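S.K.: Quick one: this structure, given as structure tokens, is what I'll be asking you about.
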Amino acid sequence: MQIYQVTWCHVLGIKIVIHIFMTPHSGCVEPLVNRYASRRKSVFAETYDPENDDEDEGARAIFPKTDEQRARLCDSVKNILLFRSLDKEQMNEVLDAMFEKIVQAKDYIIKQGDDGDNFYVIESGVYNAYVGEDQKHIHTYDNRGSFGELALLYNMPRAATIQAETDGKLWAMDRQTFRRILLKSAFRKRKMYEALLDAVPMLKTLQNYERMNLADALIPQTYAKGDRIIKQGDAADGMYFIEDGKVSIRIQQDAGEVEISNLEKGGYFGELALVTHRPRAASAYAVDNVKVAFLDVDAFERLLGPCMNLMKRNIGDYETQLVKIFGSKNNITDIR
């Protein structure tokens, strides 16, 4: 008997579920796709080097769409995590490259063990995922979601079978375009954030591969002069690294807000509320046009464990600042 369980891997800083199987008698756990290791090498299993990609813009895949189709596609992809770190230009390339696929109930979209050809985003319909020789049902996609990325990212055969339970509509992207956009995006992000992360003293404790994982998880955000980035008293959803511009940190007092710190490129803020699991103790404002790299709370807890002791020491530094300004530390351990 085979026992199915679920594990997680991180692709470009994003958690993706992989179903693996265990043989109870041997105690051996192996990826489901390894069962097909003896198959011939896929003709699609080309390598892609983002550093040497000088592809002509004219070679990009473009499928014309009506305004109505493009609006439906935009709505379908807006919550796809794989695309969350793409910039506007890259997102437009995704929209251009996807093509519509109409499916009927009982159609097989992908079959376990086959070569990976396309990545799929669901617009409508119900789809079931099956694995193993007995095709055990492991998941149902109900009118939203995406599938097919693992075989494309890792040059592996399909790890599961996906069958339509109802009629529906999918949006598909071919393998080479998918790999180029996603992998080139990750490469650009790593290069862009390399110098920024190297300039943050707190991150010196991280190994190089840990900083690369951190770069993959960062989300670029921009704020105009005067914008409030975080608000005192709000729940903490992540921390921020300043890529460009200046940020003013302020605390609300009876007489109004008082600035306690002014941060520039290479600085960071928002981490203490995550360490102490308290609401925000201060607000942050863009002094001028500001670019930041945002790290959400899940990625923070997963990637910055080695820095936790240093961040806890920062609480003491913060309390010292408050004593200098207000004559007391404002009981930071209670308000954060």
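Glycine residues also receive a Cβ, built from the backbone N, Cα and C atoms like all the rest.
Curation plays no part in TrEMBL annotations; they are all automatic predictions.
The 3',5'-cyclic AMP 1 binding site feature in TrEMBL is assigned to GLU149, ARG158. Look at TrEMBL and you will find GLU271, ARG280 tagged as 3',5'-cyclic AMP 2 binding site. Here TrEMBL flags 82-199, 202-321 as domain 'Cyclic nucleotide-binding'.
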S.K.: In whole Å, note down how far the CA of GLU149 (3',5'-cyclic AMP 1 binding site) lies from the CA of ARG280 (3',5'-cyclic AMP 2 binding site).
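M.R.: With the alpha carbons as reference points, the distance is 37 Å.
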S.K.: Which numbers of helix, strand and coil residues does DSSP report for the domain 'Cyclic nucleotide-binding' (202-321)?
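M.R.: Across the domain 'Cyclic nucleotide-binding' (202-321), DSSP assigns the residues as follows: 44 helix, 43 strand, 33 coil.
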S.K.: Out of ARG158, ARG280, give me whichever of these binding-site residues has the highest number of other Cβ atoms within 10 Å.
M.R.: ARG158
S.K.: Using all protein chains shown, find which of the binding-site residues GLU149, GLU271 scores highest when you count other CB atoms within 10 A of its CB.
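M.R.: Of the binding-site residues GLU149, GLU271, the highest Cβ count within 10 Å belongs to GLU271.
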